[in-house]
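**Q** Structure in structure tokens, see below.
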Amino acid sequence: MTFKPFLNPEDIAVIQTEEKNSDKKQKRTPEQIEAIYTFGNNVLVSASAGSGKTFVMVERILDKLLRGVPIDSLFISTFTVKAAGELKERLEKKINESLKSAESDDLKQFLTQQLVGIQTADIGTMDAFTQKIVNQYGYTLGISPIFRILQDKNEQDVIKNEVYADLFSDYMTGKNAASFIKLVKNFSGNRKDSKAFREMVYKVYAFSQSTDNPKRWMQTVFLKGAQTYTDFEAIPDQEVSSLLNVMQTTANQLRDLTDQEDYKQLTAKGVPTANYKKHLKIIENLVHWSQDFNLLYGKKGLANLARDITNVIPSGNDVTVAGVKYPIFKQLHNRIVGLKHLEVIFKYQGESLFLLELLQSFVLDFSEQYLQEKIQENAFEFSDIAHFAIQILEENHDIRQLYQDKYHEVMVDEYQDNNHTQERMLELLSNGHNRFMVGDIKQSIYRFRQADPQIFNDKYKAYQDNPSQGKLIILKENFRSQSEVLDSTNSVFTHLMDEEVGDILYDESHQLKAGSPRQQERHPNNKTQVLLLDTDEDDINDSDSQQYDISPAEAKLVAKEIIRLHKEENVPFQDITLLVSSRTRNDGILQTFDRYGIPLVTDGGEQNYLKSVEVMVMLDTLRSIDNPLNDYALVALLRSPMFGFNEDDLTRIAIQDVKMAFYHKVKLSYHKEGHHSDLITPELSSKIDHFMKTFQTWRDFAKWHSLYDLIWKIYNDRFYYDYVGALPKAEQRQANLYALALRANQFEKTGFKGLSRFIRMIDKVLENENDLADVEVALPQNAVNLMTIHKSKGLEFKYVFILNIDKKFSMVDITSPLILSRNQGIGIKYVADMRHELEEELLPAVKVSMETLPYQLNKRELRLATLSEQMRLLYVAMTRAEKKLYLVGKASQTKWADHYDLVSENNHLPLASRETFVTFQDWLLAVHETYKKQELFYDINFVSLEELTDHHIGMVNPSLPFNPDNKAENRQSEDIVRAISVLESVEQINQTYKAAIELPTVRTPSQVKKFYEPILDIEGVDVMETITKTSVDFKLPDFSTSKKQDPAALGSAVHELMQRIEMSSHVKMEDIQKALTEVNAETSVKAAIQIEKINYFFQETSLGKYIQEEVEHLHREAPFAMLKEDPESGEKFVVRGIIDGYLLLENRIILFDYKTDKFVNPLELKERYQGQMALYAEALKKSYEIEKIDKYLILLGGKQLEVVKMD
């Protein structure tokens, strides 16, 4: 059929005009239309929050389909599995709509094929796609397609720690042992263990894995900074410029401060005060030195400049005016602290290079050995799979070309959160001019997952400067939020975000515009509010001990406003969402809301599972079974509700012997052989007797049964599962216990067997201060939502409270002894021995930790990256609100009133100030004070503690009890009648559509055969319950050596072998033997494969020879999906499967399938698989529109190989 052609720019302009002049209620914007129809070049869509990027993606894909591009010719990468599912649902809906309006049967048939193809199309996460590549082509790297993913961090840690320990031991005894010990001590200090060094190794390893080629990065970039920045001349020019800018800013801020009305310039006698003279001198020097830097100092004089500044400015950060502290000098102190010691640093920095080379060697060895261990386990992390996929595409031109020819377009959503591994994959899949990228750099908030917003930014600038490289389209209309939210968001980020902090200039092209007239309607009551708890705490932002969780008073402040909204404005609780930076330490909110009757649900994912009481009891039970000599665990078990020993009981047992382990004391008490057996009362003796018998039963049971069975035996023997079901929050407690059994079962499925190893894994989790996610249970519907800002991304809520805006940003990484840069490599704090610097050797050693220049540069880069991400995080949080936005924190109204009044730089807060501020609140107050003469569209309101009493806050009305006398409300009998009527109607529908209700949505060919066995009239689709054997050969096996072979394992191994054989015009026995070595199966299974039969197939049978002759037309392990109709209900379902192989010729297809079933008569298997082969043939007919299909079974389970042609 003939499809519509793609549109040129003139055609797109016509559509834009028509849309503008249409009477549609909601019109597409010109930019949306351009993004949907632009064709023939790379396209980058910069889509601001709420601008309809998903709508654009779906419409563009649909347009491609309507122009004849099959769905399997599109590569569509999404950020999450959930996003992929939602995209598929929207596509299905749009295709169904197009089917209804399709005018030709050909188009209907084509769209129906695309509808079926959605589920098997390449729409999903990059992780899922790279797994698909490795499954199919991993054999080129010697990787088995039957691998598993190491998703559990705890399992990864077990393997990693074992590899690390072995390698560490090798280096400690190797030829560079002395230097290696020095390297370890550089990071571990005087600690006796090497845990700190191990964490640094893991940090470098994890960072390298985010690059597209970890080994190459380690070899070429890792030492780059250390080898480059060795003297003053190597200091980057931008670092010098930045320092001079900080000096200018400090001078300007100090000058503004001295001009304030409250600043005391003169004494009572009219003479300048000492402070005023000192400050004027500082201003004069800073301006002079910054303006004449090259003349006075130059790069070689940076250390002298830093020392001169130190001698002029005060040692503290603050200047106090009228009782208010202004941290004028903080940023300048931060910048010069390392510079003034550069001469000494350069002197010792060279010593660290050899240690870094040793670290480089260690990490490379660790990476290789860790990978080999994972290969041995046939289990890999997602990053391994991604790197395998890249290696396959880079090293195999034919495979790469196959994908580049296959994809009409390579599309990616959330492009701003791509990392370099994902970017390399997209480059390899694209032909260079068919990429479609959608994202928003202002919403890049996944740097902790190694996402790099500069990937987006580089494309943005390149396409902006040179349109021939690609088309840049900016979507700035917002269809989510009211003007009150949009205006406050714009006013904040116009003055905050630029390329230095935020990574992009928030100019008019990025400002949010209301996309519909409805949003432009003004509602004064919905003006954005910054609610601050008025507190007299001094130096809130400078307190290192600041609590990161929200204070009870702040929680009360939020509760008060929510109750007001609910009562006065009839806002349902479910319309309100609280956003927090972290999912931990929010207990204060939960307790406060519970106190005032506000229903609250969290987004899940809290990491408190192992700390729940019922799980702790079970873990101590398992620890005791594993090792009864663990006194802490055993006493906890005895004290638990399972056995109910009280303190008096335990004391009587304990004094039976002073020195023994507690378990031995219990045994002494059991046998009445202790030193004070007279203290064991009959009642206590009965308890001990019961415990010992039960406990020994569990220990015996553990030797021969799975962890899963052991845990359930404990639950049932002591009724513990039922017991917790009677406690408060019973549903959650029972779910936790049930999950413990499932997690134990999952653990053993990974190949790690045994109670000891499971306990060791759990203890490692706790030792590393990690935990497992809580188990989700049913939650109330009409409740306030509490979630992290990260979790809220992509969502929208009517009322949003951003909590704890006074929380300090986490700067832990900046204080690390090791900081990594993607472009400059490693920078470290080097511990130098400066003993010989002293004139007299007063001490045996003088150790000084110094920040090397690469470390200082990386530190500044990391600080700016951290602040930029926090700024984008605030943008994401503010743009979630539809109607009204609240930001909640705490500050002192009297002491902080003028604290943030700054001098504007190019309509932005000064860079030096933005770098100094470490909370959302700092930014908001500084913008408000610095630009108070402008309309900023948000108010700052202080709330005192006196306004947060129970009387002022109020209470949510409790539900009223049922009143039987109120006839108007007592409609019970009517409800029952109506309910019975509804149930009868439902039952009638169930019977009418029983077949459709029971019909599964997706089935495999084998399942189709079984499911339709009673109703399908297909020859051979009956389930064979018995096989009549013509002869019986009864032999007694030797049970000492014989092992029953698993038919399924043998079948899987044979199929993998046939897939791995390198096909050519002449397959030899050596090729089959080589392929067999690559098969991932037990040795016994491999030995059971009769490769002589396979060799016979290729050498002697007509089909085998023909396959070799037509190898260029051969397809192996081909997945398919096909739409079928249930004959009884008329409902449609999808059949999916994998075809072993077929030859796709010009006018016919030769289909073949391997079978390892045992047989005597080949006709048995021919009849058995008639229906399955018919389904395969039908799928191929629909895919290629070829009628003639020859079907063959290759039977390997008989005495000799048989090739059977099907009817």
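Note that Cβ sites are derived from N, Cα and C of the backbone, with glycine treated the same way.
Bear in mind that the values here come from a model prediction, so they are computed numbers and not experimental data.
Pasting the feature list from Swiss-Prot:
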- Ala47, Ser48, Ala49, Gly50, Ser51, Gly52, Lys53, Thr54: ATP binding site (BINDING)
- 26-482: domain 'UvrD-like helicase ATP-binding' (DOMAIN)
- 510-794: domain 'UvrD-like helicase C-terminal' (DOMAIN)
**Q** Which one of these binding-site residues has the most other Cβ atoms within 10 Å of its own Cβ: Ala47, Ala49?
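**A** The residue with the densest Cβ neighbourhood is Ala47.
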**Q** Helix, strand or coil by DSSP: which one applies to Ala47 (ATP binding site)?
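**A** Note: Ala47 (ATP binding site) is in a strand by DSSP.
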**Q** How many neighbouring Cβ atoms, not counting its own, are there within 10 Å of the Cβ of Gly52 (ATP binding site)?
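**A** Its Cβ has 23 other Cβ atoms within 10 Å.
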**Q** Which of the three DSSP states, helix, strand or coil, fits Gly52 (ATP binding site)?
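**A** The residue in question, Gly52 (ATP binding site), is coil (DSSP, three-state).
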**Q** Report, as a single number, how many Cβ atoms besides its own are within 10 Å of the Cβ of Lys53 (ATP binding site).
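**A** That number is 22.
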**Q** Using the Cβ center of Ala47, Ser48, Ala49, Gly50, Ser51, Gly52, Lys53, Thr54 as the ATP site position, which other residues in that chain lie within 8 Å, going by their Cβ?
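**A** Near the ATP site, the remaining chain residues are Asp440, Leu475, Asn478, Phe479.
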**Q** Across the domain 'UvrD-like helicase C-terminal' (510-794), what does the pLDDT come to on average, as a whole number?
**A** 82
**Q** Counting other Cβ atoms within 10 Å of each Cβ, which of the binding-site residues Ser48, Ser51, Thr54 scores lowest?
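**A** Checked Ser48, Ser51, Thr54; of these binding-site residues, fewest Cβ neighbours within 10 Å: Thr54.
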**Q** Among all the protein chains here, how many other CB atoms are within 10 A of the CB of Gly50 (ATP binding site)?
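**A** Counting Cβ neighbours of Gly50 (ATP binding site) within 10 Å gives 22.
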